[in-house]
Amino acid sequence: MVDSQYYLPNDVGISALDCSEAFRLLSPREKMYAHYLSRAAWYGGLAVLLQTSPESANIFVLLQRIFRKQTPAQLEKDATAAGLSSEEYQAFLVYAAGLYANMGNYKSFGDTKFIPNLPKYKLEALVKASQAFQEQPTEMKALWDSCSCLIYSLEKRQKQLGLGDKGITTYFSGNCSLEDAELAQKFLDSKKLSAYNTRLFKRENGGKACYEVRLASAEQKGQNCSTLATAFAANENQRKMLEEYQRSFTLGSIEAHKEGSRYWIKDKSPIVESYIGFIESYRDPFGSRGEFEGFVAIVNKAMSERFANLVSSAEVLLPELPWPQDFEKDTFLKPDFTSLDVLTFAGSGIPAGINIPNYDDIRQSEGFKNVSLGNVLAVAYATQKEKLTFLEEDDKDMFIQWKGPSFDVQVGLHELLGHGSGKLFVQDDNGEFNFDQTKVINPESKQLVSSWYHGSETWDSKFTTIASSYEECRAECVGLYLCLNKQVLSIFGNEGQQADDVIYVNWLSMVRGGLLGLEFYTPESQSWRQAHMQARFVILRVLLEVGEGLVGLKEVTGQDGKPDIRITLDRSKISTVGKDAIHRFLCKLQVFKSTADVAGGRALYEGYSTVSDGGSHDFLRLRETVLLRKEARKMFVQANTKIKGDQMPIVAMLEDDEDVMRRFGSMYVLGRDCAALRIIRSVLFNHDSAVQKCKD
């Protein structure tokens, strides 16, 4: 029997990201700009296959070959003739959908491997019965043989992503350890090279270790999608931005990407927003290398107005945060903050909000942008009452009613004043400081600040393995802390009792999120597999530690006779006991970050991240209950643009995929086709060139 966490259930949720109305309202020029940027994102997104696991690219090509020859309905007839039941064929579709949705065979949220929920011999029978196999048996057999064992393997190391004996990673060769990663980082720092677009390979040479740092780059042949998009750019900033991105991807230059990001920041309030490159470092087990992603989205003017009002209030709200003024940026550079409907998000997963670029030097002195992805928020967190776990019955209706509005507030604060706040103390290569080291006092030690960042050191390069989760925790705490502010609530249209309910549900959601986070902890390696969920568990620990009846976790027996948990949150103590606890913890997080105090930050964060069976709560036993009652994460179906003749791009359902959409109960447009089992149709290549394109 296979643990259910390693396969996707046949009734997994499928949600469509509808942006048809937003796209319809674009001008012809804007539609063309969005179309070609979307193409660029999808093509670039193929790199994620190579960043996920050694077998992901071959599995992808195997599926591509199968579904280019037959529609899912046609393939089902062959599968039935080969002996598959309808449930087994559905399990195959779900597995394929999962691979497309995650751009690999490891979950983007949790980094756990998933395998097909049908026997290996049945999947092999389906592959061999397919038209693709019948027409090219030698090539298809080679493809199947290259990945079939790894598709199903659940050996200890292959159950999750990780470095060394803790898991699988393609950011490093299999013989690399944490010590190798640290050595390489020191080398890159000494050469003032970013690790964002690199992979590290180790080999023996004459008895000595030899390291090879590979930069992501590609030889440009003819026009590419970014070039085509440039012709439809709305202004000079967009044109310069795209030119620098092309230079970055051709030369492997992070400096060029940073320059493109500077033009991107200057491009204020565009109707079509986009960003592309090696961005988030969540999946690098060392925390320094970025996964490729590219998104294209269209502004939602009504919600964007609320975020603009929040930006306007930022300079009033920042002093409310619990650290001294010296620990805040000298000047708050007002960013763009827009609500967007996603047209395309190519990568391993789709977030609810983004604060970028991630380059510390640019964020500190030149600015950043925030985006909230409205059509993601609209469908990602909707749930049915009967599937809402671990809450008291009296809380469930209120949670469902106010989860959306509370999350709008939390995302806004998290992105703008969470990721957008706080100063890093730096001594540059010329010996100049960006703070007065003779006067600034550390509020924790009550002594002068005695540590800081040097030269090219960054937050990621210093705090490495905990950097991503630590920063997400800091941003989440800012959201909890400032959502108590009546001015913030009013900006989002929440007054009186409604405002109080939004606060309660926001805090309740964070406590529940911390409990659900236990799903993403691996006891065998004592490691966390998801940055945000680790952050929420840490916050849960902080709120439990303060006591005074603020938060409770009670183990009970459910109506089905199985173990269950009930969460309690005393809403009368949120603004007192709860606020004080977050105040103290948030100040510590910022001080350790500002001062580059890695030892202090690690001790604090890893202490609260500990999952054990000791103390007042047996978190290992609670984890078993969480796993027992977990709900599979939804997969998204995205829009697809295509040009018909001389017409402008349209958003449309691929005609022959309607039967698959009915199968998954969705009636919306598709493009990445995670449910319809197709990636962009114009990616026409055979097996060898497919793998090469992914490598490029």
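One is the number of the first residue shown, and numbering goes on along the chain from there.
Just so it is clear, glycine is given a Cβ too, placed from its N, Cα and C backbone atoms.
Annotated in TrEMBL:
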- Glu415: active site (ACT_SITE)
- His414, His419, Glu472: Zn(2+) binding site (BINDING)
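Everything TrEMBL records as a feature, shown here on the structure.
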| residue | record | CB count, 10 Å |
| --- | --- | --- |
| His414 | Zn(2+) binding site | 28 |
| Glu415 | active site | 28 |
| His419 | Zn(2+) binding site | 21 |
| Glu472 | Zn(2+) binding site | 22 |
| Excluding His414, His419, Glu472, which residues of the same chain place their Cβ within 8 Å of the centroid of the Cβ atoms of the recorded Zn(2+) site? | Asn355, Glu415, Gly418, Glu471, Arg474, Ala475, Glu476, Val478, Gly479
